[in-house]
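Listed in Swiss-Prot:
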| type | residues | note |
| --- | --- | --- |
| BINDING | Asn113, Thr163, Lys167, Arg285, His317, Ser369 | substrate binding site |
| BINDING | Lys191, Asp193, Glu194 | Mg(2+) binding site |
| MOD_RES | Lys4 | N6,N6,N6-trimethyllysine |
| MOD_RES | Lys191 | N6-carboxylysine |
| SITE | Lys324 | site 'Transition state stabilizer' |
Amino acid sequence: VGFKAGVREYKLTYYTPEYETKDTDILAAFRVTPQPGVPPEEAGAAVAAESSTGTWTTVWTDGLTSLDRYKGRCYHIEPVPGEADQYMSYVAYPLDLFEEGSVTNMFTSIVGNVFGFKALRALRLEDLRIPPAYIKTFQGPPHGIQVERDKLNKYGRPTLGCTIKPKLGLSAKNYGRAVYECLRGGLDFTKDDENVNSQPFMRWRDRFLFCAEAIYKAQAETGEIKGHYLNATAGTCEEMIKRAVFARELGVPIIMHDYLTGGFTANTSLAHYCRDNGLLLHIHRAMHAVIDRQKNHGIHFRVLAKALRMSGGDHIHSGTVVGKLEGERDITLGFVVLLRDDYIEKDRSRGIYFTQDWVSLPGVIPVASGGIHVWHMPALTEISGDDSVLQFGGGTLGHPWGNAPGAVANRVALEACVQARNEGRDLAREGNAIIC
């Protein structure tokens, strides 16, 4: 009796097709492309092993713990229809592998090490099922959809936004002027672009002050609550929180964070600050396409969206289906419902691999942004629904008469589309006629 050293095939330990998943397991759906000559069972088991308790060889200390309790298990494999040498590999992870309330730890475990594994030609994480027992360890969005509507006193329609352009180079005063013109023209929000932080041409404190002035002036003249997504993203968490504190002192309703470049730890810290201090939190997904664009490698955005809902954010950019940035309608709507709804049934046609119960975690408002303009309004109103932000940057500031007329055009088009929808008219068929 004793320790038997040596290398074992992963599938002998980690491929368990007889395993019945538990309600407390985190479930993952991986698209696996094995190297030539590697059986799919071995590839799937390798993913389960390397993202949980395994390493490349048997180790003496395996005998000091219970692998049956802690190991990840590849419990099902199926070929991907229409794709040669690609397989969906389903892995179950025991909940005890993960720190409570930490998206950072969850991702470090599940995707931190396996993507460079030499037995795999490519690997993509398509979806995660997060069990209620784990969700209950997260605060989630600072406020959620209903609380945001109540704070802003805006009901029965999507809200309208605009990213200030040019994104870089404006002085703080000219930037604030553009914010005022857009809000005065009828928009609900304006927005810092994702790479506007605190550069030599416009330091963050100056921008915050001039934008706050624009917000209060526009509110006084319109009688509506307005906001500007003040980007608090910074080089350190301490600096980020300092900017959030200043925004709160100015009395503005909403700030912003780039959650992928800033990181999940920073984002969760900021979300907690926002809930404690009554600030809404807008999330930009800068860098997402580096991670999710390839069809056979990386992480699908629906996983990043779920992670954001856990980490915390009241808005997140979600694609448009129309416009300049890539998005497929059914797939985009799939992760939109994962952001907004409380209980989502499995639906492979929309890319939803698992039934997800959010157990009343607040919802996130999807933001449609990127190359959209006033003629897209009927489609956006129909596709996105009321609980959304429709964000027109060039589609507002590019109006031939200027910023304020561009904002007026967007607001009038939205009001017309909402009224037509409420009257029972078909936006898909009559869209252009409605806003002419």
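Note: Cβ is positioned from N, Cα and C throughout, glycine not excepted.
Features recorded in Swiss-Prot, as mapped to the structure shown.
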residue	record	Cβ within 10 Å
Lys4	N6,N6,N6-trimethyllysine	8
Asn113	substrate binding site	12
Thr163	substrate binding site	24
Lys167	substrate binding site	14
Lys191	Mg(2+) binding site	29
Asp193	Mg(2+) binding site	18
Glu194	Mg(2+) binding site	20
Arg285	substrate binding site	24
His317	substrate binding site	22
Ser369	substrate binding site	25
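When the recorded positions Lys4, Asp193, Glu194 are screened for a C-alpha within 10 angstroms of the C-alpha of Asn113 (substrate binding site), no residue qualifies.
Between the two most distant C-alpha atoms of the annotated substrate binders (Asn113, Thr163, Lys167, Arg285, His317, Ser369) there are 36 Å. If you measure from the Cα atom of Lys4 (N6,N6,N6-trimethyllysine) to that of Thr163 (substrate binding site), you get 62 Å.
Using a 10 angstroms CA-CA radius around His317 (substrate binding site), none of the binding-site residues in Lys191, Asp193, Glu194 qualify. A distance of 8 Å separates the Cα atom of Arg285 (substrate binding site) from that of Glu194 (Mg(2+) binding site).
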